[in-house]
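Inspection log for the structure reproduced underneath, given as structure tokens.
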2 protein chains.
Amino acid sequence: MSPPSPRRNDQDARPSRGIPEATVARLPVYLRALTGLADRGIATASSEELARAAGVNSAKLRKDLSYLGSYGTRGVGYDVEYLRYQIAREIGLTQDWPVVIVGIGNLGHALANYSGFVSRGFGIVGLLDADPARVGERVGDHVIQAYNELERVVSEYGVAIGVISTPATAAQEVCDRMVAAGITSVLNFAPVVLSVPPGVDVRKVDLSTELQILAYHEQRKALAGPGPLSQVDGLPAERSPLIP
Amino acid sequence: MSPPSPRRNDQDARPSRGIPEATVARLPVYLRALTGLADRGIATASSEELARAAGVNSAKLRKDLSYLGSYGTRGVGYDVEYLRYQIAREIGLTQDWPVVIVGIGNLGHALANYSGFVSRGFGIVGLLDADPARVGERVGDHVIQAYNELERVVSEYGVAIGVISTPATAAQEVCDRMVAAGITSVLNFAPVVLSVPPGVDVRKVDLSTELQILAYHEQRKALAGPGPLSQVDGLPAERSPLIP
DNA sequence: TAGATTGTTAATCGATTAACAATC
DNA sequence: TAGATTGTTAATCGATTAACAATC
């Protein structure tokens, strides 16, 4: 009966706004694919070639890139270096992001030594640990500092992104303290669901969740029987238990 | 004009089949939440309580659980232990999954020492590295073996899931060899897009992608200006560069 | 111009959510 | 029975995909 209610129109915003989440999550993949092409001396790539390098289909890639603007040339393709820069700018990698890591156990060491960290616009400005025995230890180019230094490091370097690689039991309290100190984005490696106030982003990386998702699909493959056509002319593929 | 073409009906399959991917990805989260509740001695939980513990809304949780069956009691809620078992069974965690890890650098060490590994139905049956200098080194309960042992370990233990924590340059060749040896699920920590034949599942965990997604949102917060209401009465929030 | 390839449209598919009848 | 809460429906929203007009 009544006309559709007037709705806030996304057109009002700048074109750089409102990129779908699914697209945002793929931009880093495109960026990496472009870097790979550039390293191999390739100056121009079609959506088809770029999509292959990124592991997606070309329709999706073109749709994704269309949210950023028109950076391709019809009949030609995309200039690798130009597109790479545009995506980096869109993500915000034309500036450096200071990052603090709390919890320097095995995983924290691995993160601190991860070269992709520095090379991609992120810089570690603090490695913090609550264990006094670890404070002062050298890890890569850095020295582990006391957890108590968190507020100082965050304000001194203007840290916006914090990484949590503590045990699960400590993660929420570390997160709370990060947020109180001014951090508004958290990358969490601890296997807990973190509570944060509105305006704070949390992303979670969870080994055991990933393994469980694989196990689910693996189990279904076994149930479906061996062979790509899921023929059921034999018993399900046998899997040995842990003891051989 | 013509009636819709006859389509293969999912109803034909058992109810345990065809759980949406988004739901599958949340089952491990529910499982962990249930374990947490059980640890605190809670025997029964409503969808509302369970959803809070898992960090989702209760409608989504009920919808997700409905794909597994009717394991709740109207007016009462869910029996924590019973539901926990049903989800574990659905995922396939009532059996143990032998896992092999290739690439025992910093990250490989962290993964090998990760306790959630063993405790959640996964068992490491091999730590492999291509560097002869590392072979023989003790990591947790295991000893690093030569990369050459891959085929033997996979067939001896019936390994279906392989973890790649090598440098990016080695990842594709390791993956190919895993697949040739019979592995059908790969968890990849190397920052490359892996090519695999149909029927092989790959999941990727990528630190720098996660950081970049956070950076994108962080940048938008800065552009929107300080304050939760995105007021633009001031300059964008200042972020210091890496050098203070 | 002819060929190639982008950027966009529109159809389809899958995921989320609110609401509520069923039922403990 | 009255109150509580599940399981399901249906509406909405967001993501994917194929197709193709626009255009280099």
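Every residue, even glycine, has its Cβ placed from backbone N, Cα and C.
Pulled from TrEMBL, these are the features on record:
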type	residues	note
DNA_BIND	A:29-68	DNA-binding region
BINDING	A:GLY103, A:ILE104, A:GLY105, A:ASN106, A:LEU107, A:GLY108	NAD(+) binding site
DOMAIN	A:92-193	domain 'CoA-binding'
REGION	A:225-244	region 'Disordered'
- Task: For A:ASN106 (NAD(+) binding site), name the DSSP secondary structure in the helix/strand/coil scheme.
- Result: helix
- Across every protein chain in view, the count of C-beta atoms other than its own within 10 A of the C-beta of A:ASN106 (NAD(+) binding site) is 19
- Which residues, given as numbers and ranges, are at least 6 beyond the ends of the DNA-binding region (A:29-68) yet have a Cβ under 8 Å from it? 16, 19-20, 23, 76-81, 83-84, 86-88, 90-91, 93
- Just give the helix, strand and coil counts over the DNA-binding region (A:29-68), going by DSSP. 28 helix, 2 strand, 10 coil
- Query: If you skip the near sequence neighbours and keep only those at least six away, which residues in the chain come within under 8 angstroms of A:ILE104 (NAD(+) binding site), Cβ to Cβ?
  - Reply: A:ALA112, A:LEU127, A:LEU128, A:ASP129, A:ARG134, A:GLU137, A:VAL139, A:ILE144, A:SER165
- Within 10 Å of the Cβ of A:GLY103 (NAD(+) binding site), how many other Cβ atoms are there? 24
- Residue counts in helix (H, G, I), strand (E, B) and coil for the domain 'CoA-binding' (A:92-193), per DSSP? 38 helix, 29 strand, 35 coil
- Query: Of these binding-site residues, A:GLY105, A:LEU107, A:GLY108, which scores lowest on Cβ atoms within 10 Å?
  - Reply: A:GLY105
